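Written below as structure tokens is the structure these notes are about.
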Amino acid sequence: MGILFSSIYKSLYGMQARILMLGLDAAGKTTILYKLKLNEAVSTIPTIGFNVETVEPMRGVSFTVWDVGGQDKIRALWKHYYMNAEGLLFVVDSSDPERFDEARGELEGILNHDEMSKVPFVILANKQDLPGARSPSDLVEAMGLSKQRGHEWQVQGCCAVNGEGIVEGIQRLTEMVTRFQKTRRF
């Protein structure tokens, strides 16, 4: 009955999904969220707790995005947001390679959690506009993604301030989430 209702709802109202947006502090998560929501760059302060917004990045797609703070002490709370997640946007400051190992460790912890089993993810390699920003292919290597099994993934370069690359990352996540929703067990 639940599957039938879900199918009818999707055919009438389009695709809906619960998306987590995680990443280290100062990676640009909140800026990306409000660029998606308002289509403008907003001034932000470090997120203590979370922001949640429903965004419609394209026609027929509605994402409820949970942007959870990335400070070290808040990361221990991330696991409380995993339940029913259907996609993950993991934001990395591509201009700060000294924190890539830390980001990799956090991503591995997320992906190894039972509730995140097979959840697709897009890494947004943010701050591509800054000098020294590493390319998406550099991040594939730095984050150990070539060895990643069990999750569909993509790395997308972006710039939260001007919006470049964000739509492409969301389009790819939409494709992956659609497949995930069709294959997951209810």
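Using N, Cα and C of the backbone, Cβ positions are placed for all residues, glycine too.
Where the annotation comes from TrEMBL, it is an automatic prediction and has not been curated.
The feature GTP binding site is assigned by TrEMBL to G23, L24, D25, A26, A27, G28, K29, T30, G70, N126, K127, Q128, D129. Reduced to three states, the DSSP call for K127 (GTP binding site) is coil. Residues within less than 8 Å, Cβ to Cβ, of K127 (GTP binding site) and separated from it by at least 6 positions along the same chain comprise G28, D93, S94, S95, D96, A133, C159, A160.
Residues annotated as Mg(2+) binding site in TrEMBL: T30, T47. Around T30 (Mg(2+) binding site), the C-beta neighbours below 8 angstroms that are at least 6 residues distant in the chain are V42, T44, T47, N51, D67. Classification of T30 (Mg(2+) binding site) by DSSP places it within a helix.
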In the chain carrying D25 (GTP binding site), residues 6 or more apart in sequence that have Cβ under 8 angstroms from it: P46, G69, G70, Q71, D72
